[in-house]
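This report concerns only the one structure given below.
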Amino acid sequence: MMRLRGSAMLRELLLRPPAAVGAVLRRAQPLGTLCRRPRGGSRPTAGLVAAARLHPWWGGGGRAKGPGAGGLSSSPSEILQELGKGGTPPQQQQQQQQQPGASPPAAPGPKDSPGETDAFGNSEGKEMVAAGDNKIKQGLLPSLEDLLFYTIAEGQEKIPVHKFITALKSTGLRTSDPRLKECMDMLRLTLQTTSDGVMLDKDLFKKCVQSNIVLLTQAFRRKFVIPDFMSFTSHIDELYESAKKQSGGKVADYIPQLAKFSPDLWGVSVCTVDGQRHSIGDTKVPFCLQSCVKPLKYAIAVNDLGTEYVHRYVGKEPSGLRFNKLFLNEDDKPHNPMVNAGAIVVTSLIKQGVNNAEKFDYVMQFLNKMAGNEYVGFSNATFQSERESGDRNFAIGYYLKEKKCFPEGTDMVGILDFYFQLCSIEVTCESASVMAATLANGGFCPITGERVLSPEAVRNTLSLMHSCGMYDFSGQFAFHVGLPAKSGVAGGILLVVPNVMGMMCWSPPLDKMGNSVKGIHFCHDLVSLCNFHNYDNLRHFAKKLDPRREGGDQRVKSVINLLFAAYTGDVSALRRFALSAMDMEQRDYDSRTALHVAAAEGHVEVVKFLLEACKVNPFPKDRWNNTPMDEALHFGHHDVFKILQEYQVQYTPQGDSDDGKGNQTVHKNLDGLL
């Protein structure tokens, strides 16, 4: 009786509008049929809180909105402004190209709408089993565009454009990302040409995303290096606010162009190796790289000339001395490329035999590629001031010339001019974070995918940044923070977390070592919170956060959604879960699988799908040692019992396992699409 009452209530909930759901839930008895009452005892049932999580529609639907995403308007004009104006319309040929990864439908007629049965629910299912794996794959694997549509739509027939953009931003991608240009162009064209411009049906959505489907699928499947990017950025914002309270330090004033910056300026930008972006504070204010350019020009020199040639002229050791000392090592070479003497020598190695104008253009083009074509400028006023107040650097230059540290035929005065020019190159926190991410990504720019630097150049650059990048504070920074970094007198700190992300922290007030006060505090706090230190143990860490791991909440939701789809007989939802490489054998707290629930409810289509398409183990035991066959027999579902019995001859039991080994082949096929 309880079971009939619960089923009727569920139907009522699904048919009522959202406004009526709350009142029904308050009157409702707990849904007991998801975890059946065992024979000979009782079992805990889910409360209202669990019920509200069973389906996104009950909890309000949608994704958590991050900062900057919540206020996005749904009006066509403001969405157009968000997507950017202008741009070349996509070619007609692009609109008609085949969907990547698409396969022909298993049978004619509309499929995939929530609640409908698929090919496994009719006589065609038997033909598929007889025909083998090929047709099963066709039934299991519709196009990736379909999967993406249903992931965002959450049961609706159309997707509002602003909802898609908000969901996209929550993954860390930006609408200005060069990799998404075709998608954004098509969205803009759709908004301008359709009558219902702010809504996308499935066909329009597929046209918009098909050229960028792999990247978008990775984003929404949370396959980026930082899966829960919204949670990570909330931590970054907290660290930013903590560092903002730091006072002290003095703005560099040896030239007027540096002295004019307000000590209250403070910005942090993050770019991961997958192109996830986050910025907070004064991240669009241009400032000069100053000494932050030293590792970049060293990387250019090694990329062009090789390690062996470059280190004929400059060493690799920390000097233990001030960065502008007139001092060489025992071989009469500068100690490393991060002190002024070494940086001047490295400058002389770039594009030898070419005039300064061509050299400067070459380096600017290189830095533009590293920054993904984001802002890289030049401050002529800073250059003039540096040259006029550069007596110490001229002294170092003449000392190097006297010790024959330059390649033969080098014009020392011309090289110093070029050196001052490179120090006067301007960036913003946002563009510099992409440069740092290029170093973190092995020389590939994360937002363009272009290889800019060789692996050798990246490895050597990060090694020297780690040991020599923070002036006289380098040893302490390596000890406490343990990450490659380079600071500059303009207040910037270029920070690299190898294989994860790059960051630029900028605040003009400097400590007595010449490093940004707020930037140093931020870096210390970051490594205290996250296990990014070079020697943090990734397997046995106790208290630190690892943003590279997916949180437990997502796994809990995964189990709830899987079992609820099996309970309601929603084969379309199960197909989407299988497409997203979900473990279809995962269990709840009673060790019950989706097959247990489907067998108890008598959903023939779901049982067939799980057995024939997903190849799940038909013999899992729950905490009461009941198998799906026991469930079907107990509730009188003889057709399900017969299917499970027949499937025994096709399946070799692997034992009760929680790791979903029976799904490995399907998972490999799914991941192969990406």
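Every residue number used here counts from 1 along the chain in the order it is shown.
Heads up, the Cβ atoms here are built off N, Cα and C, so glycines get one too.
Keep in mind that this is a model prediction, so the values were computed, not measured.
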From 320-327, 376-383, 440-447, 600-607, which range did Swiss-Prot mark with region 'Highly mobile activation loop'?
320-327
Candidate sharing the substrate site with S291, N340, E386, N393, Y419, V489 (per Swiss-Prot), from Y298, Y375, Y471:
Y471
Hey, which of K135, K351, K404, K543 does Swiss-Prot call N6-succinyllysine?
K135
State which of the following modified residues has the fewest other Cβ atoms within 10 Å around its Cβ: K169, K316.
K316
Between K169 (N6-succinyllysine) and E386 (substrate binding site): CA-CA distance (Å):
41
Rounded to an integer, what is the Cα-Cα distance in Å between Y471 (substrate binding site) and K316 (N6-acetyllysine)?
14
Work out how many Å separate V489 (substrate binding site) and K316 (N6-acetyllysine) at their Cα atoms, rounded off.
22
For S291 (substrate binding site) and K316 (N6-acetyllysine), determine the Cα separation and express it in whole Å.
17
Given N340 (substrate binding site) and K316 (N6-acetyllysine), what distance in Å do their CA atoms have, once rounded to a whole number?
14
